[in-house]
Each structure stands twice: as structure tokens, then as C-alpha cells.
Amino acid sequence: MRNCKMARVASVLGLVMLSVALLILSLISYVSLKKENIFTTPKYASPGAPRMYMFHAGFRSQFALKFLDPSFVPITNSLTQELQEKPSKWKFNRTAFLHQRQEILQHVDVIKNFSLTKNSVRIGQLMHYDYSSHKYVFSISNNFRSLLPDVSPIMNKHYNICAVVGNSGILTGSQCGQEIDKSDFVFRCNFAPTEAFQRDVGRKTNLTTFNPSILEKYYNNLLTIQDRNNFFLSLKKLDGAILWIPAFFFHTSATVTRTLVDFFVEHRGQLKVQLAWPGNIMQHVNRYWKNKHLSPKRLSTGILMYTLASAICEEIHLYGFWPFGFDPNTREDLPYHYYDKKGTKFTTKWQESHQLPAEFQLLYRMHGEGLTKLTLSHCA
């Protein structure tokens, strides 16, 4: 008798725990629908769909699995419809864009701060770092100064339509390559590869950023002849493009920067790449975006490139800006980068420094206002 009672109690407790778990999950989905999200007010085809839609769409994201923050996750039927219609409906608001450009230029002299020049620094001058303690310094050497341009590489440059290409996995299968290559000027981020992905990301590169840490991660700090050859061949493919090297963000880049300087001096005249070495630009850029209620530890490279593009481009189109682990068009899982190996899980390491969902929310709003065209759907 006693065993039967205990079994019944255990059964009841199990049902209670299951009910509580289901209630919590239901509340999560319900609250997410009530909260103002980053897109639009959702519309669903049938009663009861919102809750299940949240589970199937939201929980596909590794971001959601880890943080259970539904405000960033729901991909609704209305957004799917919007993605299909917006490319043809989007209209450039030139007046609003020019106003934004003026606002940016009030905070950032983009042309001047785009790169240090031979005339802007002297040998022995101590440079500080944007994101490191003021005690850390980098001394300008003769070799470093010799690599600086005589004038800003974007002085007196103007382009009609520019593409700023992020590295999000949303570009996988997008077939946006031809559209990107039709742009007058193409910005790329972090030396991202294009050769094996041309159908989706294009091949044209007019500028790519190069965080010094890339040398450690992909080229073994140039420690072997093979490493040096690989790096040389990668640079050769740029063929006249600007290599924008933010050497003064972190003091941890100092040693790698010196390795880079030695390499470029050694191969002087053998590469057509244009070198650009920005100084302490971020204090100015951060000030502008802070006024737009965006103040993470660090802005993403993508939004930094948008800032630079605003000074020389008459219209800016964005590709590969999507910080979530699922495709809004197909509901399929996505890698973090389009060039990640197949099966690579979506990473959330960026969360330590960046506010990518908040950046995306702002860019999406700018898209709606006609300031920039944000491509989230497939191009063909």
C-alpha cells in the first residue's frame, strides 16, 4: 500500500514539474510577442501559431538556446513577406542620408582620420591605443613612417553606389555576388576570402580591413617561409585595393604590427596593395553612434565601414549584416561567417565586446527610413 502511495505521489510530482516547465516556455513565447521586437508587429496565419512559431523559429538560433532572450529572436511571417517585397519597394532617401552624413562629419573627419600620413606623424612619436590603458604606447619607427601614404587614400574620392559587405552566414547561398560586383566601390571586412564564394559575395574588393590578429590566426605570425608565401599570395589578389590596418585599437597588436611592418618593407614595390593605417579614430566614431544610443565596448567592423563609406559614397548598400544563427528566408541554421567550414556551430563569442543585435536593430531602422539598403533576402 505504502509503495503504491509513493508511486502515485512521484507521478503527480512529475506531472507538476512537466506542467511548470511547459508554462515557463509558454510565458517566454508569450512575452516575446508582447515585447517590442526588432522588426514589426507579427501577424500569424492561424490561432495558436504565435507560440509554436516562436519555438520553431526562435529556438533554432544558438543565440536563443544560450541566452533565452526572445526579444531578438522571433522571425515572423510578416517579416518573411517584408523581405520578399522590400527589395523592389525600398527607396533611397537622399535628403535623410545627406543629413546623416553631415552629422557624422561633425564628429569624425573621415578623410583626415582614414589613415595616418607621412606628414601627420614624426619618427619617435608615441601612439596610444583606442581600447587599451593610456600607459601602453607604440613608437613610430622610420620603417613604419615610410609605409604611410603621402595623403589620405580617399582624398577627393567620390563614388555613386558602394557596397559594404559583412561576413554573416546569411550570404551563404544568397547569389548576391553579381549585384555586389556592380557597385562602384566595395568595402569588405577582416580580409575575408572571396575566391571560393564569388557566387554569393562577389570578387570585387576596393578596400578590406585587416585586424593584426589575422596574422596570428591564419598566417602563423609569418614564422615560416610557407606562411610568408601564403600571406604574399593573399595580398597579391587584392591588386590595388586598400588594406586598412587598425593597428592602434589594442596594445596586444604591437608585436604583430612590427611583424607586418617588417614584411611590407621587405616586399616594398612587389605588391600593388595600398596601405592605410588609421590612428585613434574610434573616439570620434564612438561619439557619433553613442548619440544614436549605440555604445558597446566595441563597434563592429561593419558599422565602422559604414561610417567611413558615408563620407565618399552617395548611396550605401549593406550585405552580410545578420547576427543570428538562422536564415530569415529559409529558417535553416546558419554559420556565423559565410566562409566557416560546413558544420561549424554559430558562435556567440562576439557578445563579450559587441552589441550586434542592437546594431542590427539600428541598421534595420535606417533601412526603413531609406538611409541605406540592407539586403537580407537572396539576390537571385
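Here the Cβ of each residue, glycine as well, is placed from N, Cα and C on the backbone.
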- Message: Tell me which of Cys4, Cys313, Cys379 Swiss-Prot records as disulfide-bonded to Cys162.
- Response: Cys313
- Item | Per Swiss-Prot, cysteine bonded by disulfide to Cys379 (from Cys176, Cys189) | Cys176
- CMP-N-acetyl-beta-neuraminate binding in Swiss-Prot involves Asn167, Ser300, Thr301, Gly302, Trp322, Tyr336, His337; of Asn190, Asn280, Asn286, the partner in that site is Asn190
- Item | Nonlocal residues around Gly302 (CMP-N-acetyl-beta-neuraminate binding site), in sequence order (Cβ under 8 Å, 6 or more apart) | Val164, Gly166, Cys189, Leu318, Gly320, Phe321, Glu359
- Task: Would you mind reading off the Cα separation of Tyr336 (CMP-N-acetyl-beta-neuraminate binding site) from Cys379 (disulfide bond), to the nearest angstrom?
- Result: 20
- Item | Candidate disulfide-bonded residues Cys162, Cys176, Cys313, pick with smallest Cα gap to His337 (CMP-N-acetyl-beta-neuraminate binding site) | Cys176
